[in-house]
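The structure appears right after this line, and notes come after that.
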């Protein structure tokens, strides 16, 4: 009786840990996503009346852009006209071209990662982050300074922009920086990139969102998908993917730096397994690893029984783009960007559509997290949220807006 109860304790403890930490993990990933979307909505709302860059960028794709402002104009837009169908064709071509370029670049990333060109990839990511923080961030900062009439001289502005950009690059790619600074700069990069995507024409934006959600679905789930190949290659080598990925770890983990202990103990276990022939040393290292595993609560991962035949495969099954080596949830920065693009586009129309799209995105993200808890593998985060967001956007504009307008016009309060 005692042996059976002892054998069943790890499974029971694992199930209870999942239930206990599920809400905390959802909050850790929902909070930065919500903050990113909120900042994009504030930028769009503040700069839409004074910024003419959106129309100039739109003119690069279309000769004219139709933006419906009422239910009747929406019907005209959906029913179609010659200019509308031209816009739709241009949007489909632009979205298809964008997806093709992203696919080719992702396969190139897999090829470089396969040949262990990690330093080159990190340098490329660092230059890209520097470009986003300095050029895009500097231009948006100038728009905000002009809009709010903030008194600042050019020399001070240049010094601040240079310092923030350089520190941001080091904070994103240097592991010794505080996790709070790293997470903050990742959110800032997502906000800046998402705001620039909102400057595209309306039909191009919606076509791009749908196309990227379908690409995300295929790239992660198909056997030859580039993201799946990248994740499997990283798992087989037990290496981190050189990409902009938000890891929902606690800002101040207690007690001590437990993530660093995990990785140090893992390296010791691997070295002992490969180089040592003494079974007693291997058993000691295995017990040390299991002790650290019990100390670090791995959310959304069921604890396996501590049997001797699992110490070689446990690390590969728990690691990945969806779940970090510490058990924390990982979300690609592209998901932040396209979530924010959707609500930013909705903010150009009405705040009621913003609320509907936000709730739809959060519902889709919750469904994805539940699927992540069940399958414990890398999953696409865009399809469910984007599809729900697009559907709720259309329903809000076609149905809910008419209902609210009729109630307001008839002085009906609810």
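Our numbering is plain: 1 for the first residue shown, then up by one each step along the chain.
A Cβ is built for glycine as well, from the same backbone N, Cα and C atoms used for every other residue.
All TrEMBL annotations are machine predictions without curation.
Database features, via TrEMBL:
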- 26-47: transmembrane segment (TRANSMEM)
- 59-79: transmembrane segment (TRANSMEM)
- 91-115: transmembrane segment (TRANSMEM)
- 127-148: transmembrane segment (TRANSMEM)
- 154-173: transmembrane segment (TRANSMEM)
- 185-200: transmembrane segment (TRANSMEM)
- 206-231: transmembrane segment (TRANSMEM)
- 355-375: transmembrane segment (TRANSMEM)
- 381-405: transmembrane segment (TRANSMEM)
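Three or more CB pairs closer than 8 A are found between the transmembrane segment (355-375) and the transmembrane segment (381-405), so contact between the two stretches is assigned (pairs 6 or more residues apart). Between the transmembrane segment (127-148) and the stretches 26-47, 154-173, 185-200, 206-231, 381-405, it is 154-173 that has the most C-beta pairs under 8 angstroms. With a cut-off of 8 Å between Cβ atoms, the residues of this chain six or more beyond the transmembrane segment (91-115) that come close are 61, 121, 201, 203-204, 206-208, 210-212, 214-215, 219, 226-227, 229-230, 233-234, 241-243.
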